[in-house]
Amino acid sequence: MPEPTKKADETEAENAPASEQNKPQEGENVPAKVWSVGDAPPEEGEKPDNSQKSVLFIEKPKSGSISVGQNITFVAKVEAQDLLRKPTVKWFKGKWMDLASKAGKHLQLKETFERQTKIYTFEMHIIKAKENYGGNYRCEVTYKDKVDSCSFDLEVHETSSAPSIDIRSAFKRSGEGQEDAGELDFSGLLKRREVKQEPEEPDIDVWELLKNANPNDYEKIAFQYGITDLRGMLKRLKRTRREEKKSAAFAKILDPAYQVDKGGRVRFVVELADPTVELKWYKNGQEIRPSGKYIFEHKGNERILFINNCSLTDDARYHVTAGDEKCSTELFVREPPVMVTKGLEDTNGYIGDKVELSVEVSEDDANVKWFKNGVELPLDSKSRYKVKIEGKKHTLIINEATKGDNATYSVMTTGGQSAAKLKVDLRPLKIMHPLEDQTVRLGKELSLKCEISENVEGKWYKNGQLLQPSDRIKIYHKGRIHRLIIDSSLVDDDGEYMFVPEAYNVNIPCKVHIIDPPKIHLDGLGDNNTVTVVAGTKLRLEIPISGEPTPKVMWSRGDKWLMDSASRIRAENYPDNSCLVIDSAERDDSGIYRIMLKNEAGEDTAHINIKVVDIPDPPEAPNVVDVGEDWCIMVWEPPVYDGGSPILGYYIERKKKQSSRWMRLNFDLIKETTFEPKKMIEGVAYEVRVFAVNAIGTSKPSMPSKPFVPLAVTSPPTCLAVDSVTDTTVTMKWRPPDQIGAAGLDGYVIEYCFEGTEEWIVANPDLTDKTKFTITGLPTGAKIFVRVKAVNAAGASDPRLHPQPILVKEVIEPPKIRLPRHLKQTYVRRVGEAVNLVIPFQGRPRPKVSWKKNGAHVDKNQINIRNSENDTIIFIRKAERIHSGKYDMKVKVDNLVDKATIDIQIVDRPGPPQVVKIADVWGENAALEWTPPKDDGNANITGYTIQKADKKSMEWFTVIEHYHRTSATITELVIGNEYYFRIFSENMCGLSQDATMTNESAVIAKDGKVYKNPVYEEFNFTEPPMFTQPLINTYAVSGYNATLNCSVRGNPKPKITWMKNKIIITNDPRYRMFGNQGVCTLEIRKPSPYDGGTYTCKAVNSLGEAEVECKLEVKVIYHGVISPGQPIFLAGQKQLHSKDF
């Protein structure tokens, strides 16, 4: 009986959850009964339901069955309603093979998203399925910490013409990233080595290894022998490892598994316990009918099934039924290896030729794979590699071989491999037509052409740099001819060109020379080719030039060529321009300069006018023609040289003569040559200067003007009035001007004219500095007009004219004493102070003044008296008490008299009290009595100051000050001490210089008399209520708290009641009443106009009652106007609140 073996392309028949449940964990010992051989496969209805509720899937992929070469699509859907991003989906074959790396022409993965339904759809397309694509697949979706997985099966049925491969080679992986990625091939067995006869290895039965191995070693065995569908193999192995159970129908059941080579014959044998029982054979659940392939034999109780010419389609699960019982087995068909009978040979070829590599194998139409440097070659219709199969001979054809085809090519079959090297070389190259040197005018077309013996690509170089095609550069290749065309040649196109054929170490050179006549480009210059330069600056005039080859440049000025390169005026030449350089341009550098270009293609000449401009010369020193109080007028002449540019205006500066700091007076240019500076300080010496300005800049300053001082005449004198008039004189008086100015006041000029004339006569030839002047020599009875002018260094002021004509005739005015107010009372001064009294009077003609003291004439040796025309002064340098008294003043004009009396009192400090004695001593007290001082200092005694001294220390301490009586009681004396007392007198001048002390001392005895408190009658403090501060009429603003205050006294304490309009206020939250120390307050919270009225405060006690009242008006603000009464708001008006203020 054939022994069991493994199968590579077996599909899984059970769900993934069941297989996962039976999967052994790492380090876990699986009981033997789980993998026991001989157990009957579970019935369909007996399969445990291990499916779990889907977490993410709303539609899972479903298992499918197709034939070899057909297509199938598996679909999985995920709802994205609660997902923030796209979930991650992976497709697996078996346990770990990630199909994302196998995507290719046979496997495609696709995903879409439907926005309306918010569903992700993931599809796996298998195209032109092969037999080894069958097996278990798994789809896994992941979103954050959620994972959902679903397993499904694919069953691929073999067709009659489908080739088969060995079971172990079917589970190899193809190279990633190739066109056939996703196929399960056997390319991994390829090695770069020559075909050689290898010793036959013992046939290893993987099924036997798996059955006898520890479950922890399954993955290790699968990796060692190239098994990818381990899960499917374990499921089939599980079916074969059932423990044999005793059966009533079968005396001997089928072996767990059978193995046979492709094309061989297999024999299934069972032995029945009852030969009469009907027996049926099944393949994958389908009943087997007798045929040339399937042969049934009966030998006694044995029932035999022969399967002839086994193919890969016979690799399946078989079972036989006898009555209600059955037994099953697995058949594994192994394909014989294909051997390489004639290997590849090393081959040489030329580029562009057709190259063939041939190999022969042991089988016709065998599956052969070609490799280049270990990488499988693509053999589809688009590939340049073609394979021709002639029976057992396989030929690789490479059309138009290239250098890149140099490699090691190998071929692999299921039973062997072979490799060989291919070398592709170049054919020898011949230059049929080389490049030619060319000379081309600038702007013309440049065309280069060469021809070589081979049709190969090439590259063009210019001066060693690779040329790339562009709009101007065209590169053509047709057959063996190569052309380079450059439109509108440029100067940069001059150089060495070279064509290098690709893959050949050969270059074809030539030289190209571009020529162009010289030309001077003066487009950037102004009219008449004039260039203006500022004096003192550097001129660097760049003149663009062109010409090929680079022309020779020559500069000249007049007949002189500029050849010296170190000169201040020189020429610097560059390939694309010529530069005229003038260092620190001067006025003499102005003129015509000539530039000349010359090369082999021609010459060119141009003239350039250089104009040097400068700032103007400074103007002459300005002249100050007039000055005023704070201004002056200055004039000047334009500068002699304007710098070659018109004068645009002038700047003015001034400074104080003693200062060095100049101040700009104008920021806008002045066009005229006169200016009036203002806002100067009167009396300060100034200087001014001028700057001239043109387009180039500002000149140096002119010389300063001569110093000048702004001065102004004074304002007219004020208060011009007639002081006195006689028959021949008029005396005028006035006051100084209100504004004198910095020039000061030199004096006054008095002028007069007679009424009816216009001739003014100067009364004083010399200036007078007094504000009073007498005009003499006037005719009696004439009328004159008088005016006065103030004169200073700036001249005479406007005159002050007396408004009325003055009659020259004396007028009698009664005397009048104007006694000052402070002299109408007693004038008191201390001894030693000065007395200076001024008593004004009036009268015409001049009055006579006389003084008397206490009725007798004043002694002028003690008192100084001075009399004038309008006042008298009494002066005592050092007052004495004898100067006290009544002073009589008499003013007499003819028979008219006016009198006044002044009482002067000179005071001094008083003398001490006359006698001080101790009237009584008791307890801690002593009673003193004294008599007033004999000398009161000519002032009333205002008080006394009493001091005490302990007899032991005789240190005096003040006990009482400013005491008015002549007796006092001294208390709080220390018992046991003996005291002396002294008293000072006090008047308005202070304390007396000396004090009077008691002759005797007061002894405070320890055991003295018992002091009896005097008996006083009890005083009655009760009184009826009386308001000491009444209520006051008040205005309040609506919305602001208002308070009403008054004060009351009374004993017993009166009860306070508040009333509004004679109605008692009680329990109203808008009012708050409180009192403190007799002060009664009523607070009205945020009053309105309705709170206005008469408020009354009433105080009542047992002795009587009293009340006060006031009026309160509440005002409302109407847009800023306070009005009393009830508010009336107009349409659109906004009522104001406290927060609006």
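Note: Cβ is positioned from N, Cα and C throughout, glycine not excepted.
As given in TrEMBL:
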type     : residues  : note
COMPBIAS : 1-10      : compositional bias 'Basic and acidic residues'
DOMAIN   : 48-155    : domain 'Ig-like'
DOMAIN   : 336-427   : domain 'Ig-like'
DOMAIN   : 518-609   : domain 'Ig-like'
DOMAIN   : 618-717   : domain 'Fibronectin type-III'
DOMAIN   : 718-811   : domain 'Fibronectin type-III'
DOMAIN   : 912-1007  : domain 'Fibronectin type-III'
DOMAIN   : 1024-1113 : domain 'Ig-like'
REGION   : 1-53      : region 'Disordered'
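Secondary structure counts, DSSP: the domain 'Ig-like' (336-427) has 3 helix, 47 strand, 42 coil.
Secondary structure of the domain 'Fibronectin type-III' (618-717) per DSSP, as helix, strand and coil residue counts: 0 helix, 35 strand, 65 coil. Model confidence over the domain 'Fibronectin type-III' (618-717) is summarised by a mean pLDDT of 91.
Note: the domain 'Ig-like' (1024-1113) comprises 3 helix, 59 strand, 28 coil (DSSP; helix = H, G, I, strand = E, B).
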